[in-house]
Amino acid sequence: MDISIVGSGYVGTTVAVCLADAGHRVTNVDIDTAVVDAINAGEAPIHEPDLDSLVSQYGGDRLKATTEYDAVCETDLTLLALPTPSNDDGSIDSSILEAAAKSLGDALADKDDPHVIAVKSTVIPGIVEETIAPQIAAAADGAIGEDIHIGTNPEFLREGSAVDDFQNPDRVVIGADSSLARERLEAVYEPVTEQADREIPVVTTGTREAMMIKYASNAFLASKVSLINELGVICKAYGVDSYEVAEAMGLDDRIGERFLRSGVGWGGSCFPKDTDALIAAGRERGIDPVVLDAVRERNDRQPEQMLELLADHIDIDGATVAVLGLAFKPGTDDTRNTRAVPVIEGVRERGGEVVAYDPVAVEDMRERYPSVEFEAAASPADALDGADGALVVTDWDEFAALDEEFDAMETPVVIDGRRIIARRDGLTYEGLTW
Ligand SMILES: NC(=O)c1ccc[n+]([C@@H]2O[C@H](COP(=O)([O-])OP(=O)(O)OC[C@H]3O[C@@H](n4cnc5c(N)ncnc54)[C@H](O)[C@@H]3O)[C@@H](O)[C@H]2O)c1
Ligand SMILES: O=c1ccn([C@@H]2O[C@H](COP(=O)(O)OP(=O)(O)O[C@H]3O[C@H](CO)[C@@H](O)[C@H](O)[C@H]3O)[C@@H](O)[C@H]2O)c(=O)[nH]1
């Protein structure tokens, strides 16, 4: 099938190469010429495992990129993978999606056959049906259900394992209010599910339900981590290792072992934004989302917990503190809502200096958070050399191998926010929840 994808960031690029790999011809449309040039040159515009080799295999060939929306007319279906950031009150800002909808509609005005458009961006139910679809139809001068067929197709990939998640998903969710939208979306995923290394359930539902499945899934996972974080803090107060507790809890099928790693909390482009959007959506309809409010609050408290533990061992005022990890999770250069921000700011507010190390995320951190002050180190050893304390924020594998590097610290105090460092003699080690 000929597929166009508008927006070529973490989702748009990953989905595009994976669909090309499944045999489709894919065109990415993006306003960023650097992104477009990279893809056409066979280079991945973002850091993501396995993405480089796939983009170099298909980029400029079965996968093309362009800044021109007209390219969508040569395709059967368009996926919209545009950012949906938060407004100040946590609700979704759909303005980028709306601008793209207008450009898409203008382009589709020149297309003769019916076109299917599926929104992959995460948006609250109603936005697609009441705002995006009518705007596309108006610009295209077409009728919904006749010339323009709308669907939603939420994406569940995780950064750091995006390619594998897309190729071997736990489920595919297709939201469609017309049979043409449903049939074409099913055809998009047929070769993907055939290639997968296990049976993949394909859930077909309405456009609104599909989007709520996405929000509810993220809210559930964020809640699971916040709950284990709160249980973990209580465990530590009683001298109990929360990881031992979580391991045994996870053996209960009803609980499940995944997303039970307690620590400095969740970040990223999705859990914070999507939880806030659901809270705002609830309030908008007069519902007081007490559980989700608490989920958010527990997450906000974890970095503070880490700083309090550090202050139990050193005077942060005037100290040099090594921060290990800036990415919101390992395997990505993405620092959106990384816990490193409140951690570094907390050290600075207490009068300390920060020397930070991350294998890939320093540039992203500098661009996104120019006011967050830290000195970048070239290696973990350089960050630790002469430091009065260390805070582990991201569970990069390379941190697990650190050992004698801690001996070069002025005072070898490590507060581990991700349970990645080995305890040993000569190291003052504190786990956040163990
Ligand atoms: N990042 C994830 O892991 C993930 C996973 C599932 C769902 N989502 C959702 O998918 C959506 C996209 O997220 P992302 O992380 O891929 O975003 P992103 O910021 O990484 O990428 C968005 C891309 O859209 C482009 N763009 C912006 N305006 C445009 C326009 N008018 N026309 C064409 N291109 C335009 C940007 O240049 C950028 O390349 C969001 O709604 C997000 O919540 C993200
Ligand atoms: O046991 C755990 C698991 C995760 N995290 C943290 O939670 C955050 C999110 O991690 P993860 O879910 O692995 O990465 P994301 O790329 O943010 O993926 C989430 O958000 C995406 C965007 O909506 C969804 O597509 C995915 O299904 C959903 O897992 C990170 O800061 C992790 O460090 C923990 O603290 N403990």
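First residue shown is number 1, and so on along the chain.
Cβ from N, Cα, C; glycine included.
If you check TrEMBL, you get these features:
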BINDING   ASP30, THR84, THR122, GLU159, LYS273, ARG336  NAD(+) binding site
BINDING   PHE156, LEU157, ARG158, GLU159, LYS214, PHE259, LEU260, ARG261, SER262, GLY263, GLY267, LYS329  substrate binding site
ACT_SITE  CYS270  active site, nucleophile
DOMAIN    322-423  domain 'UDP-glucose/GDP-mannose dehydrogenase C-terminal'
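Counting neighbouring Cβ atoms within 10 Å of each of the binding-site residues (ARG158, LYS214, ARG336), the lowest count belongs to ARG158. Residues PHE156, LEU157, ARG158, GLU159, LYS214, PHE259, LEU260, ARG261, SER262, GLY263, GLY267, LYS329, recorded as binding substrate, reach a greatest CA to CA spacing of 24 Å.
Within 10 Å of its Cβ, the residue among the recorded positions LEU260, CYS270 with the fewest other Cβ atoms is LEU260.
Ligand 2 lies under 6 Å from the Cβ of none of the binding-site residues ASP30, THR84, LYS214, SER262, LYS273. Note: the domain 'UDP-glucose/GDP-mannose dehydrogenase C-terminal' (322-423) comprises 31 helix, 18 strand, 53 coil (DSSP; helix = H, G, I, strand = E, B). Among ASP30, THR84, THR122, GLU159, LYS273, ARG336, the residues given in the record as binding NAD(+), the maximal Cα to Cα distance rounds to 22 Å. In the predicted model, residues of the domain 'UDP-glucose/GDP-mannose dehydrogenase C-terminal' (322-423) average a pLDDT of 97. For GLU159 (NAD(+) binding site) paired with the residue listed as 'active site, nucleophile', the C-alpha to C-alpha distance reads 10 Å. Here the binding-site residues are THR84, SER262, and the one whose Cβ sees the fewest other Cβ atoms within 10 Å is THR84.
Look at LYS214 (substrate binding site): DSSP puts it in a helix. Residue pair ARG336 (NAD(+) binding site) / GLY267 (substrate binding site) shows a Cα separation of 7 Å.
LYS214 (substrate binding site) has THR122 nearby among the binding-site residues THR84, THR122, LYS273, counting only those with a Cα within 10 angstroms of its own Cα. For the binding-site residues shown (ASP30, GLU159, LYS273), fewest C-beta neighbours within 10 angstroms: LYS273. Residues distinguished by a CB atom under 6 angstroms from ligand 1 are absent from the binding-site residues LYS214, LEU260, SER262, GLY267, ARG336. Same-chain residues at least 6 positions away in sequence with a Cβ under 8 Å from that of GLY267 (substrate binding site) are, in sequence order, PHE328, LYS329, ARG336, ASN337, THR338, ARG339.
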